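What TrEMBL lists as domain '4Fe-4S ferredoxin-type' is B:12-42, B:73-104, B:106-135.
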Amino acid sequence: MHPAPSLIAFSTLSGLGLGLLAMLGLGLAPVAGLTGLVFFALAFALAGGGLLSSALHLGHPERALKAFTQWRSSWLSREAWLAVTALAVMATYAALAILAGIVVPPLGGLGAALSLGTVFATAMIYAQLRTVPRWHHWSTPALFLGYAIAGGTLLSGHVGPAAILLAAMSAAQIAAWVAGDARLAASGTDIATATGLGGRGAVRLFEPPHTGGNYLTHEMVFRVARRHAVKLRVIALLLAFAVPVAFLLLPFGHILAALAVLSHAAGVAVQRWLFFAEAEHVVGFYYGRRLP
Amino acid sequence: MTTLPATTDRKLGLVIDLDTCVGCHACVIACKGWNTQNYGAPLADADAYGAEPVGAFLNRVHSFEVQPGDGPAQIVHFPKSCLHCDDAPCVTVCPTGASYKRAEDGIVLVNEDDCIGCGLCAWACPYGAREQDPVEKVMKKCTLCVDRIYNDTLPPEDREPACVRTCPTGARHFGDLADPESAVSRLVAERGGFDLMPEQGTAPVNKYLPPRDRDTLDVLAPLLPPVDEGPKGFLGWLDRTLERI
Ligand code: SF4
Ligand code: SF4
Ligand code: SF4
């Protein structure tokens with residue numbers, strides 16, 4: 001799939017922001033006073049900025065309100081509802097905590113659940129697609145939630161738990177990559193079923209329907225060279241997990257903490273780039289994709 | 001709503017004959033022409049005379065080569081447009097309700113005024129049957145020429161999809177696949193019509209008819225008496241004359 005910058009920015013930033021909001025809602029990060037204000041501002045900037053950048057992906061952003069109508073069937077519509085309610089509940093919670101000094105734990109708990117629910121809905125938009133076997137698996141929402149929780153823990157400055165969660169996430173990510181690499185071949189869809197001609201012999205694309213590209217080939221038939229993918233996976237692991245954990249294990253300081261967060265965010269962005277770029281859409285079989 | 005109807009009264013669709021299609025792309029052009037001048041936003045092209053032309057089409061013809069274990073390879077021209085699936089994943093993912101499947105005839109359509117151009121439906125379709133218009137930024141797909149098949153202002157013989165009407169070899173057939181007695185249903189039964197990617201669970205309405213077996217060599221061919229290999233007529237005279245020189 002085409003790794004669109006707006007989608008990468010959206011899922012990286014909103015994942016971190018919603019993870020931090022969940023921590024704030026659960027009272028696991030400071031919610032009162034100036035520190036609270038800084039934390040809330042950061043969380044809302046990340047989550048809100050991410051959601052805005054997702055609107056840039058739309059052909060008609062001015063009609064975005066219509067996306068709230070189909071929550072019964074559409075994960076994208078559910079995501080829109082969850083995102084707006086999460087931000088609204090957390091804004092109320094933040095206003096009460098900072099302006100009036102009243103912390104309402106049930107409200108925060110609800111906001112935390114809605115924040116993580118938004119991350120889950122985002123992941124389900126991808127996981128529901130049988131057309132992209134690499135995504136069509138429970139590990140997709142699990143991984144998105146794991147990233148949000150680990151990122152939120154890191155942002156809220158829990159050194160020990162963050163180091164443990166980041167280490168665990170690096171193992172989970174490696175496992176997900178390895179399992180994902182085999183999923184297209186295991187899906188049962190290939191050029192033989194795509195054309196229905198598999199029973200007659202070996203099928204290959206003889207001539208594409210046109211000499212140039214089209215919307216489908218631009219959006220869905222993206223290919224990364226394997227050696228680049230391996231390098232990028234190593235870079236993602238280093239930036240998202242190894243470097244932040246190393247910084248966390250050093251004597252704690254604000255500069256190091258900020259560097260750990262920046263490195264983690266950059267690593268997650270690389271991981272999200274790979275999440276799209278490595279995902280194989282079955283329509284590729286009509287355009288000459290072969291199983292590895 | 002973008003929930004799917006439980007059943008549809010009819011299942012209008014196409015039956016595409018892979019045996020007959022000669023890969024002339026006439027249906028591609030007829031489809032582009034009709035759908036540029038009629039229902040919805042015109043099917044645009046971008047950079048049409050530039051280095052990287054790209055445009056929206058609702059129907060495209062691929063060509064595949066099938067190499068059997070023994071015998072010669074065969075080229076199969078492969079027209080592909082929306083299959084108007086019964087369990088259309090493109091419909092249920094749509095957040096706005098722009099994509100829908102009609103309960104009366106099963107046609108899958110996009111209401112372009114409601115489409116936000118998120119592209120998710122194109123991701124959900126396994127067949128590549130949806131393309132976003134490069135100018136209007138709304139999703140385009142085969143309408144089964146809904147503005148022809150019910151159009152009383154057209155002569156009766158034109159009340160079928162443009163691609164079907166134009167095909168010079170009669171490789172595309174239009175009809176109701178819910179009616180077992182319809183011409184298309186009988187064709188599917190007689191010729192062993194099949195689904196594309198059945199494992200994707202989309203239950204497509206459109207069916208494909210397999211190429212017929214031909215060009216097989218007689219196993220006794222090597223034992224047949226050789227045909228007279230000497231040239232006749234003018235070539236024979238030329239041959240004999242040149243031999244003499
Ligand atoms: S072919 Fe694709 S666009 Fe058409 S109904 Fe099926 S899934 Fe939807
Ligand atoms: S691109 Fe349009 S029709 Fe397709 S899912 Fe998005 S809003 Fe619905
Ligand atoms: S039925 Fe109409 S819209 Fe669909 S492929 Fe044929 S000409 Fe195009």
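Cβ coordinates come from backbone N, Cα and C, glycine included.
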Open item on the list: Can you tell me which parts of the same chain pack against the domain '4Fe-4S ferredoxin-type' (B:12-42), counting only residues 6+ beyond its ends and a CB-CB cutoff under 8 A?
Closed with: 55, 57-61, 63, 75-79, 81, 83-84, 105-107, 110, 112, 133, 135-136, 138, 140, 142-149, 161-177, 184, 187-188, 191, 193, 204-212
TODO: Could you please provide the mean pLDDT value for the domain '4Fe-4S ferredoxin-type' (B:106-135)?
DONE: 96
Task: DSSP-assigned states of the domain '4Fe-4S ferredoxin-type' (B:73-104) in counts, ordered helix, strand, coil - done: 4 helix, 11 strand, 17 coil
Task: Residues of the domain '4Fe-4S ferredoxin-type' (B:106-135) by DSSP state, where helix covers H, G and I - done: 5 helix, 6 strand, 19 coil
